[in-house]
């Protein structure tokens with residue numbers, strides 16, 4: 001199947017039909033004789049697919065062009081912003097230089113004033129400078145002491161938190177045991193008690209004797225013992241919770257006190273720095289008196305700090321004592337739980353429940369251990385992060401120093417080569433703009449070419465529509481001609497049948513007439529032929545001659561002959577095939 005004729009038509013842009021209208025196929029353009037409707041449809045589909053592909057390519061090209069244009073615009077905006085930043089930095093640097101020059105001039109003037117003064121005020125100044133140095137040494141000592149105390153307090157806080165976690169685990173175990181006991185009132189309830197009530201409960205717990213074992217038959221006694229043990233365990237749990245709350249409150253208080261101490265230390269440092277600066281600038285006795293007052297206030301504040309630190313130590317010792325009491329309570333509770341387990345080890349169902357409880361406790365212990373390991377890992381990670389932060393801070397400080405040095409060098413270079421840099425930047429920007437304009441021009445040319453190809457394709461689509469209309473017309477003509485040919489063929493067959501009938505009738509008539517003429521001849525020539533055998537022989541001979549003559553007459557008129565070219569064919573089927581080929 002060749003696509004050359006349609007491609008030629010699409011390239012020229014002319015319509016494929018020179019003589020449109022309803023007519024025979026011989027009047028159509030000769031290039032369409034070799035095509036079938038299926039081939040034309042395939043070519044139409046291919047052209048539509050190519051058109052769609054071209055449209056998609058145009059869209060992609062437009063999107064790429066837009067993206068490049070946006071990138072160029074963003075690049076130009078970034079360059080503008082960088083220029084503005086450089087200009088702002090240069091202005092700030094100039095302002096800093098001016099401020100530094102003013103400060104240098106002021107310091108020079110102050111140095112000149114100090115030189116003009118006598119040696120006595122200089123000695124007074126040196127004597128006055130000794131005082132802030134002593135203050136600074138005292139502040140540094142206090143700082144070291146406070147830092148050591150802070151570290152010690154942090155360690156104690158960590159211990160308290162670990163003990164708190166252990167106590168919470170014990171409380172959860174006790175809750176599980178109480179829930180497994182089956183009593184309706186053994187759910188975990190927080191009981192807020194005052195300090196006097198807690199002390200009374202502790203005394204009662206110490207004075208109360210341990211319950212003795214009873215017989216396993218008496219169920220009522222067992223239930224009473226279980227209830228009393230549950231109540232006792234609830235009291236112990238509430239006391240443990242109170243201890244934990246008190247420990248948390250003390251830890252919070254200690255943290256607040258540490259923060260206040262740090263703030264006071266920072267205030268002292270600021271005051272010491274302020275005093276040292278005032279002493280360097282001025283050398284008068286009034287300032288010395290103020291500094292004496294400040295020293296007294298600093299000493300009083302140091303004393304208050306030491307008192308607070310001692311109070312904090314006392315509170316920590318109290319927390320430790322309470323924690324030791326809680327540990328003793330924990331041991332007692334464990335012993336009582338073991339006793340209860342021994343009592344309740346009679347029935348197999350209770351044994352199964354105990355085994356399940358043991359299994360759940362082991363699971364919880366494993367979970368607690370895993371959580372502790374995770375906490376340790378997190379602590380190690382935090383320590384590593386802290387070390388990394390320290391290293392990063394050191395590197396940051398180094399980078400800041402290098403940055404300051406670089407800024408100074410940049411200021412010097414900008415003063416020397418500002419004009420050169422501006423010229424080079426302008427040249428580079430102009431070159432980049434020229435390249436961008438060239439790229440835009442080339443893209444515009446490509447866009448124009450694509451538009452031309454689109455116009456050609458639209459024209460080709462119009463020609464394809466005309467071709468489709470012509471194909472429909474030709475198909476209708478072909479179907480009409482086929483119907484007419486079928487009708488003509490039917491009429492020919494009917495005529496052939498009529499001819500055959502007429503020929504038979506004619507033969508019959510001729511045979512009858514020949515017989516009559518023979519009879520007349522026989523009657524006329526009866527004298528000549530007397531023998532009957534001779535007459536029969538002549539009669540038979542004449543009949544044979546007539547039959548031969550009548551047999552030759554229908555052979556002279558052929559029935560199966562083409563109406564267009566006159567070719568004689570043996571059968572009707574071959575005649576139909578020949579007629580279709582001859583007409584087409």
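Backbone N, Cα and C define each Cβ position, glycine as well.
Note that this is a predicted model, so its numbers are computed, not measured.
According to Swiss-Prot, the listed position annotated as phosphoserine out of 118, 297, 345, 547 is 345. If you compare 187, 218, 514 in Swiss-Prot, the phosphoserine annotation sits on 187. Per Swiss-Prot, the range carrying the annotation region 'Disordered' out of 231-266, 267-302 is 267-302. Within 10 Å of the C-beta of residue 578 (Zn(2+) binding site) there are 17 other C-beta atoms, taking all protein chains into account.
Excluding 562, 565, 578, 582, which define the Zn(2+) site, the same chain contributes 563, 564, 566, 567, 579, 581 within 8 Å (Cβ to the Cβ centroid), listed in sequence order. Within its own chain, residue 562 (Zn(2+) binding site) has 568, 569, 575, 578, 579, 582 as residues 6 or more apart in sequence whose C-beta sits under 8 angstroms from its own.
Shown are the binding-site residues 565, 582; of these, the residue with the fewest other Cβ atoms within 10 Å is 565.
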